[in-house]
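Just below is one structure, and these are the notes that go with it.
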Amino acid sequence: MISTQYLIPTYWHRCSISEQLTLLTRPINKHNNSIHLDVKYILDHVSKLGDNALIKFNLQFDYVNTISLKISPNKIINSGNSLSKPIKKAIHSAIDNITRFHTAQYFPKVDLEIIPGVRCKQIIRPLHTIGLYVPGGSTPLPSTVMMLGIPAKIAQCKRIILCSPPPIPNIILYTAQLCGIEEIYQVGGAQAIAAMGFGTESIPRVDKIFGPGNIWVTEAKRQIHYITNKVAIDMLAGPSEILIIADKTANPIFIAADLLSQAEHGPDSHIILITPDMNLAQQTRQELYKQIQNLDRIDIIHQSLTHARIIITDNIMECFQISNDYAPEHLLIQTQNPENYLKYITNAGSIFLGHWSPESAGDYASGTNHVLPTYGHATTTSALGVADFQKRILVQELTQHGLLQLSSTIQTLTKIEKLKAHEYSVIHRINYIKGTT
């Protein structure tokens, strides 16, 4: 039974500013010097020894003696043979939905005549070589393959490689194949990030690394980005978060289930319910006690609930003010007419509107991406999408007439900034046009 000292509803306006800040403080991110040094050791070895270091670390950390790091095409092709029809059907359905939503994200071309003789364009080019990291662990994560692989394929990246700890389950290989990924390597952890960041005899150096992972993977991404100054990363993943805003129309059974769906991710998961209805808060609290008894990861959930919060506000609008300050990874709005509140939301990774929109839908099959900013980064960072696998290149073309039109503006501004060479790059052309060179 979960301790009754947890999840005690707190009235927001009865708290001091300091207490309010504490209520919204996330669990401390477990980053310490020991992890930094461990990861640095791994990165140094992979940088110097290449594939030999990867084979060594596979044996050391995953207890697998890998003769070949690359998964053979034949194994990928046959990976679906051991999967049941319902599993294949679910994967296909999710891929269809995710593909449809992400295809709609494709950047439109911009081609505009600003003034006569001055044309500006924005052209889109895919990243050439990208690396996808899919964590291992006690259960396979085919959804991560989809969330990374589908937008990469839509963006038309030229070379997509995937790394995952050995032995890689068939369901991961099958899902990757359906997402158009053919280059798969059995290597995990910080060493996989190092391989993609530096390149080895087997694994190419990539332009950008995508994918979640544990604290060692996250630290490896941080260090690789800093060391190479060339390899980009998608984002630094933190513990999972959910914030639910609910009114009296909400169902406490649904709320409890949604909160627990995030609590089971890990002991550092942060779950918050904000409501103006104390009765709903108490009902949800009791429902949490009931539902947790039927779940598998009870110890993890218990740890997560030690820093869970139920906040009582004076009105529904105050809920959104608090949520914007917190900037949650997942924001669920379980109220009457939830779409009316969208205009008040400024900070959130992904929003789930209404009583029939569980967070699990976005995690797997609604079509949106589940790679989202955490730890308050939703104030400045967006969910993963097709744009993250592309770059925008700007083009401008001026005719003689166009340059004559702009010349006085350019020269005036270059004089203000005292950049004479800039000014003369225009003057020489104007003189040529006027025949005075």
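Here the Cβ of each residue, glycine as well, is placed from N, Cα and C on the backbone.
Annotation comment: Swiss-Prot describes Y133, Q191, N214 as NAD(+) binding site, evidence class sequence analysis. If you look up Swiss-Prot, you'll see S240, Q262, H265, H330, D363, E417, H422 marked as substrate binding site, on the strength of sequence analysis. Taken from Swiss-Prot, the feature Zn(2+) binding site covers Q262, H265, D363, H422. Sequence annotations record features per position, and here Swiss-Prot assigns active site, proton acceptor to E329, H330 based on sequence analysis.
The Cβ centroid of Y133, Q191, N214 marks the NAD(+) site; residues of that chain outside this set whose Cβ lies within 8 Å of it are P135, C163, P165, G188, G189, A190, A192, I193, G213, W216, V217, A220, given in sequence order. Counting Cβ atoms from all protein chains shown, N214 (NAD(+) binding site) has 18 others lying within 10 Å of its own Cβ. Listed recorded positions: E329, D363; maximum Cβ neighbour count within 10 Å falls on E329. When the alpha carbons of Q191 (NAD(+) binding site) and E329 (active site, proton acceptor) are compared, the span between them is 28 angstrom. Within 10 Å of its Cβ, the residue among the binding-site residues Q191, S240 with the fewest other Cβ atoms is S240. Spatially, by CA atoms, the recorded positions Y133, N214, E329 include one closest to D363 (substrate binding site), and that is E329. Look at the binding-site residues H265, H330, H422 and count other Cβ atoms within 10 Å of each Cβ; H422 has the fewest. Spatially, by CA atoms, the recorded positions Y133, N214, E329 include one closest to S240 (substrate binding site), and that is E329. For the pair H265 (substrate binding site) and N214 (NAD(+) binding site), the C-alpha distance works out to 12 angstrom.
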